[in-house]
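Take a look at the structure set out below.
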């Protein structure tokens, strides 16, 4: 990658306040350090090229974040307090709620600050920390969705043996594997990126330190192609292996549903899997677009809107997806609220 000169950047950034701010930084650093700087600060442009859209996005992001916190907290509370929800399905759903809450929390504070109108400056350490956290939680969600697909396949295809197959010990091990897989992938990707030199000017047309956007800053040469291939292979593994597990699981579910004789059984099986399949399509569709394309083909402007969907919107929708048609969760909520109301009346 050829590092742009200040004149070239001046031409590219003409008329954009956030980019002009970067240009001023570059001029100062150039005069003080002879066009070289030991500091590595990133400027996240966010949606500064859409100034009229920023207030709308601020309200939308804040609303989605509040829905995420309330919806996922309510799911965890119900699953813990209601004995009828002490099943593998709701155990994994609790973990999904925790992952979603952490995932969106790793993104939203900096995004809201960015949407107030100014580009956001981050030190290299802060940028890598945000990358590590969001990548760990996003990767954990990939694995967890695959684990949930296996659970649904076992419930539909082996209903008589399901209690023995989905033992508490196995459920704990699978949930732990999801968290461990996410942390391992994140640590590997972040370490590989940290070892790569990033060329100035370090301005990112994104609202978070996301891997595809940061890779576009990587300098060429020095065996960097090999590192990029390793990072791409890790992304393929964490996305496509769980995808293959999900496809195989729902292939088994489809065969089992096809062999059922009554409409009631089919309807129940489809209802059991429909919510999870919807969540899978929403998350994987956008994540695969963002992460499984070559760096030189990555469109940052389009990519940040895709990222906005799976980091902010999808975590807010998941509690609704899993509860709107779920009679067990609705019943548990009514019983919990009835118990709280009854307790207050007694006092």
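Cβ coordinates come from backbone N, Cα and C, glycine included.
Those TrEMBL annotations? Automatic predictions, nothing curated.
According to TrEMBL, the features are:
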type     : residues : note
TRANSMEM : 56-78    : transmembrane segment
TRANSMEM : 90-108   : transmembrane segment
TRANSMEM : 128-150  : transmembrane segment
TRANSMEM : 162-182  : transmembrane segment
TRANSMEM : 236-258  : transmembrane segment
TRANSMEM : 270-292  : transmembrane segment
TRANSMEM : 304-324  : transmembrane segment
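The stretch from 90-108, 270-292, 304-324 with the most CB pairs below 8 A to the transmembrane segment (56-78) is 304-324.
Within its own chain, the transmembrane segment (236-258) has Cβ neighbours under 8 Å at 139, 142-143, 145-146, 149-150, 152-153, 156-157, 181, 185, 266, 269-270, 273, 277, 280, 284, 287-288, 291-292, counting only residues six or more beyond its boundaries. Two recorded stretches are said to be in contact when at least 3 C-beta pairs lie under 8 angstroms, sequence spacing 6 or more; the transmembrane segment (162-182) and the transmembrane segment (270-292) fall short of this definition.
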